[in-house]
Structure formats: C-alpha cells, structure tokens
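Record features, source TrEMBL:
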ACT_SITE  A:Cys77  active site, nucleophile
ACT_SITE  A:His175  active site
ACT_SITE  A:Glu177  active site
DOMAIN    A:4-191  domain 'Glutamine amidotransferase'
Amino acid sequence: MKIVIIDYGAGNIQSIKFAIKRLGFEAVLSSNEAEIKAADKVIFPGVGEASSAMRMLRQSKLDLLIPTLKQPVLGICLGMQLMCDKSEEGDTNGLGIFEAPVIKFNNSVKVPQIGWNQISDLSSPLFKNIKELEYVYLVHSYYVAECEQTIATSEYGVKYSTALKKDNFYGVQFHPEKSSNAGEQILKNFLEL
Amino acid sequence: MLTKRIIPCLDIKNGRTVKGINFVDLRDAGDPVELAAIYAASGADELVFLDISATEERRKTLANLVLKVAEKINIPFTVGGGISSVEDVDILLQNGADKVSINSSAVKDPDLINRLAAKFGSQCITVAIDAKLIDGEWIVHLVGGKVPTELNLFEWAKEVEKRGAGEILFTSMNNDGTKNGFANEALARLSTELNIPIIASGGAGNMQHFCDVFIEGKADAALAASVFHFKEIEIKDLKEELKNKGIPVRI
C-alpha cells in the first residue's frame, strides 16, 4: 500500500510517519502531483495557522489538487479545518470540501482546548472497534460546528464536529497519532478503508 | 468532556534521565525513551522532558532524543530547557515534539513568545513560570528559581497570554520539593484571571494533593516527578481516585 503524507511545509509530520510505521506501513512525504494522485491513501496534516497554511497550499497548487483526489484522504487537525469552506482564523477561504465554516471557541471555555476529550455519535467505518465516549487528544482554538457531514462529535462549551466525512474525504479534529491505542486503531481503520 | 491531565516530568541530562528513578521493571534506568513508554502505557496523559544539560552538543542531543521518543510513544509530549530561538523550536517540532516550553528566554526576550506563536501557533507554545511568594507577593524567578526578577506572577502570566502562549506551566518554588501539596490559591487565581490552560507544578506528595489542585486550584493539568518516578503514586490508582472524587480523567 502506498501512503502519501502531503508535504506543504506545515505541521508535525514526523509523529504521523512514526504512527504509521508502528502499524507496519511506510508513508512518504510528497508535494508531487503525480505521486499524490497515485497513492492508495493520502494524509493531509496540519498544525499552525489557517491563512498561512492556505497560502502555502496555493503556492504549490495543492489547493487545486486536493479536492480532485479520488482515493481516501484523511485531514488531521488543521488539515481537516482547511478542507472546510472557510475559517475565521486569518479570515481565509478553505478547500471547500466540507460545507461548514471553522469558528473560534468563545471565551466561556479556555482557548486553546488542550487535552483528552471524548468522541461520540460515531457513524463511520473510520471508527470500527472504537467505543462511544472514547478519549482522543485534541489541541485547537477553532472548531467546526455540527453539520450534515459530521461523523463524530465532542463537547467543549458547545457540541461540535470532531470528525467529518464526504465521499472519499475524511477529517479528524483530534490527533490520532497522539491518541494512544484508540488513535492507532482509527489510523488503522483509515488505512483499511 | 475535556479531562484533567496527569503529566510526569522527566529531567534529562545529555540524553539521559537524571533523578534517581526507582523502576524495577526498567532495563536501563537512564533511558528516557523506555521510561516514557512505561508512563504512556500506565495512563499518563502527556509527558514533559526538561533538559538540564549544559554542553555544546546539547541542542543536537535533545533533538535526537525527541526523534526517538516520537518514534516509540503515542501520547503527546512537551520539551523544555534552554530553548531560546525560533530555530531551536523548529527542529524540536519537526522531530515530533508536540509542544515546547520556554522559561528564562521568555523573560529576557518577551517578544520571542510572539514570534513563536506566529510561526508555529499558540497551541504548541507553553510558557513555564517559576515563582516564589515573598512578603505576600508572588515574584517570578529564573534559573530554576534561583534568581529573582522584578516581575509579578499574575502580571507576567497575563502578558504571556496576551503575547500568544497557549498554556502556562506554573511552578511554585515555595511548594516544590515539599510534598505538602500544590500552591492552590495562586493556581486558582491564575486559572480564573487567564483564559488559557494552567499546568500546576510543585508540591505533589499524595493523591489528595491532586484532588485539591483540580478542585481548589482549578488547574487543567498537574505535573509531578518524584512521586511517579519513585512509585509513591501509581498513575492508574491516582486516576481511579480522581474519578471517584468526580474529577473527569481519562481511564
């Protein structure tokens, strides 16, 4: 199986590579259009700030490529947020795959949310063998509200989407590569899609 | 529901753990990677590696250690100690650290917080603050609590938040090493006056202290070293106890 992690200069990619390696696979980093298109699975990582990440995607024309991919694609954290219509962070447009905006948590909760929260309303093969209310690790200041494409929710002041799916596109707000055994199971499920 | 975090802290010197660690099941008591894996398996929510080396090769050794830890463990970890530039942080995050913690360098160059937050995002920038209660005022100290500054804890903490820190790790020098409990009053004030997560450090001696720091101290996370290293408290037991007291924890 050929697994490509999209390389656009953003994010903590090493941890994802290692997590995939612990599952017995190798992932390659690439920004090459042909290589990404030819992959069986594509992972779209992201840590950092939305508008500068979008700028980097545009510079490498990856913003045009990603929405056209046909194989399973998994956006992680900021990667998932960038797959949405638009983000309040840096007031930027996203890739428009998920039809939902990215909104900042209000001040009734501490921002960023850092730590282990529970996921529920699990409704996708991505969560095979994952129990309701499983704990995952999250670090974020912005969130996606519940929408038609929600396949998992969490609560932090509001109930929001911790995972999204549309066609072959999946997004998770949490970090599966840092979410202990549950996270590794979710990554494994994605690789088995 | 977001849970309260339990964070063991490992002191690192030249790539090895330093404090005497009493783990019979450890093959190599000085190997931080092996110790980290044991903590990850025992239910620790996060780990902090604090580098106290003072050698020329310090940066390289630490970067290599981060890579080895990231390869083995599947929970988040923070790296601190001697970090003073964007370049330092870049290599640590690239190698797999989730967050970095800065302390003295932030006091000497507060704009560093802004630069790091702008480049990497607030979520991975923890500012560590050591403070001591002197004549009724909490004064920020440097060099592991040895050198007093003119900064007031609460004012400095607010400035740190404003400049873009994602989290504060507060160590009370009055409580550190005493095993008499955390500085709950100061912690509660920090937690109320600021809107970023607060990690409590200094004073953990028994399980009740952890209950107190989450309830009275309103802390989001609690960090400790020796009570875990010497197995005076098992993380699994601690979490059961916290759960029984109605404190949300990941079990």
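Placed from the backbone N, Cα and C atoms, the Cβ positions cover glycine too.
Remember, TrEMBL labels are computer predictions, not curated facts.
Overlay of TrEMBL feature records on the structure.
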residue	record	CB count, 10 Å
A:Cys77	active site, nucleophile	26
A:His175	active site	25
A:Glu177	active site	29
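Restricting the average to the domain 'Glutamine amidotransferase' (A:4-191) gives a pLDDT of 95. A straight line from the CA of A:His175 (active site) to the CA of A:Cys77 (active site, nucleophile) spans 7 Å.
For A:Glu177 (active site) paired with the residue listed as 'active site, nucleophile', the C-alpha to C-alpha distance reads 11 Å.
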